[in-house]
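J.: Before I ask anything, let me first share the structure, which is written out below as structure tokens.
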Amino acid sequence: MDFFKKEILDWSIYLSLHYIARVFSNFSTSHIIQDYNLVRTYEKVDKTIVDFLSRLPNLFHILEYGENILHIYSMDDANTNIIIFFLDRVLNINKNGSFIHNLRLSSSINIKEYVYQLVNNDHPDNRIRLMLENGRRTRHFLSYISDTVNIYICILINHGFYIDAEDSYGCTLLHRCIYHYKKSESESYNELIKILLNNGSDVDKKDTYGNTPFILLCKHDINNVELFEICLENANIDSVDFNRYTPLHYVSCRNKYDFVKLLISKGANVNARNRFGTTPFYCGIIHGISLIKLYLESDTELEIDNEHIVRHLIIFDAVESLDYLLSRGVIDINYRTIYNETSIYDAVSYNAYNTLVYLLNRNGDFETITTSGCTCISEAVANNNKIIMEVLLSKRPSLKIMIQSMIAITKHKQHNADLLKMCIKYTACMTDYDTLIDVQSLQQYKWYILKCFDEIDIMKRCYIKNKTVFQLVFCIKDINTLMRYGKHPSFVKCTSLDVYGSRVRNIIASIRYRQRLISLLSKKLDPGDKWSCFPNEIKYKILENFNDNELSTYLKIL
């Protein structure tokens with residue numbers, strides 16, 4: 001609830017500022033603006049308001065001291081007067097007036113001279129000076145950097161300001177400079193970072209997340225070689241952050257070839273592992289061959305975890321790097337995990353299309369079955385990936401793997417029906433369905449039969465009496481008709497099929513009824529000269545071609 005209150009207050013302030021700005025632009029307010037100076041002290045300001053104002057570094061620059069706002073400064077007179085008007089008139093926050101008198105500032109002020117006066121003014125209430133002399137923590141420019149910060153820093157460093165003062169997140173000004181680095185303003189940021197480095201700012205000081213300025217320089221999109229070399233002179237090249245990433249991890253991830261080369265030449269640990277077990281080499285290999293060559297040519301022997309590194313390449317679909325490392329004999333793609341997962345199975349799992357095609361073209365075995373009963377095909381269905389499914393089916397998987405795939409697919413309540421139909425359509429064209437159904441083979445398909453009636457129903461086309469496995473799986477409209485195709489006598493006694501519930505009980509009852517009809521009709525026909533000569537199997541075969549109604553009718557006639 002507190003979060004929502006805070007957000008509502010933020011938006012209220014924000015909208016109020018815009019409303020005031022519109023009012024100021026539509027009406028003549030020169031008499032109001034003249035009433036306010038750019039320098040003001042406000043007592044006991046709500047911290048939420050201070051936090052909000054501090055998020056607008058491009059509009060306002062705020063100095064704090066305890067519960068008071070010491071100073072509000074902006075390059076734009078109108079913006080400054082708007083916020084002062086807002087604090088005075090809208091929020092009714094009391095002020096004690098300016099603590100530096102008679103500056104008479106205008107929009108064309110000399111910033112350097114102005115800041116110098118702020119720091120050195122002899123007024124007894126000069127709280128900025130008191131704050132610096134007492135070594136108080138402040139976030140006035142440590143947390144929120146504006147265009148004029150370089151001038152602030154130069155003056156304050158010359159007056160003994162502690163250059164590595166921390167904010168509430170443990171960040172120094174050097175941290176913040178790198179956090180907020182903008183390419184569009186790189187010249188200003190580069191100048192400030194050099195000032196801080198040349199004045200001894202600690203490049204190994206960690207914030208609350210374990211980031212040092214040097215780690216941040218490696219992590220962020222800053223490609224200034226001069227700054228990197230200055231930092232490198234005093235930095236711990238193997239320092240780690242909260243996730244145990246080193247500078248070499250980050251420059252490898254960012255594909256900063258020159259920085260990687262410098263760190264390796266300085267002896268950075270190429271086998272350092274982060275908390276996820278990844279080394280800098282793993283981070284670099286996804287970007288291409290140049291970084292791979294750089295690592296392989298280093299004097300230190302690389303620690304290679306084959307399964308880990310191949311899977312890493314698969315996740316990023318880095319085919320070029322995979323091919324190069326295979327050609328150098330660094331990795332082997334023919335691994336199997338304890339779950340019987342292969343590199344091809346991993347490529348399907350991570351939707352790495354290019355890698356999958358590459359591995360299949362190398363005659364990789366994709367007919368693997370994991371310990372949980374999954375296959376590459378069932379995994380493609382689970383990922384709803386039609387393109388990968390088409391690639392796998394184009395490689396002509398066997399009947400065994402297709403049946404196992406469909407069983408695995410239908411074990412899940414939710415699956416892509418269209419992809420399952422692709423499997424059925426492919427399997428229906430195969431010629432391996434010559435065996436008549438019996439109890440044992442029925443057990444093999446029970447999960448499939450039970451869970452995909454809709455898909456089966458679409459494939460039904462014929463009602464041949466002696467059903468094969470193909471006809472049972474793909475041509476039956478309803479499970480109740482199973483009783484017409486149970487060729488094995490013990491099917492009637494198969495109690496394990498009770499998983500089907502009432503349907504199976506009805507099937508068994510129907511089969512018993514049909515068996516009784518056939519038996520009775522056969523006995524009725526036995527007195528005939530020719531019928532009694534037939535073996536019982538032939539009698540049964542002939543009578544089985546009649547449906548239940550026909551059998552009942554013949555019995556009545558006889």
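Think of each number as a place in line: the chain as shown, counted from 1.
The backbone N, Cα and C atoms fix where each Cβ goes, and this holds for glycine too.
Feature list, courtesy of Swiss-Prot:
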REPEAT    65-95  repeat 'ANK 1'
REPEAT    169-205  repeat 'ANK 2'
REPEAT    209-239  repeat 'ANK 3'
REPEAT    243-272  repeat 'ANK 4'
REPEAT    276-304  repeat 'ANK 5'
REPEAT    339-368  repeat 'ANK 6'
REPEAT    372-401  repeat 'ANK 7'
J.: Excluding the flanking five residues on each side, which residues at least 6 beyond the ends of the repeat 'ANK 3' (209-239) place their CB within less than 8 Å of a CB in that stretch?
T.: 169, 172, 174-175, 178-179, 181, 183, 186, 190, 193-194, 197-198, 201-203, 245-248, 250-251, 254, 256, 258-259, 262-263, 266-269, 272
J.: Any residues 6+ beyond the ends of the repeat 'ANK 7' (372-401) with a Cβ under 8 Å from its own?
T.: 339, 344-345, 348-349, 351, 353, 356-357, 360, 366, 407-409, 411-412, 415-416, 418-420, 422-423, 426-427, 430, 432
J.: Helix, strand, coil: count each for the residues of the repeat 'ANK 7' (372-401), based on DSSP.
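T.: Helix, strand, coil within the repeat 'ANK 7' (372-401): 19 helix, 0 strand, 11 coil.
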J.: Could you please provide the mean pLDDT value for the repeat 'ANK 6' (339-368)?
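T.: Summing pLDDT over the repeat 'ANK 6' (339-368) and dividing by its length gives 90.
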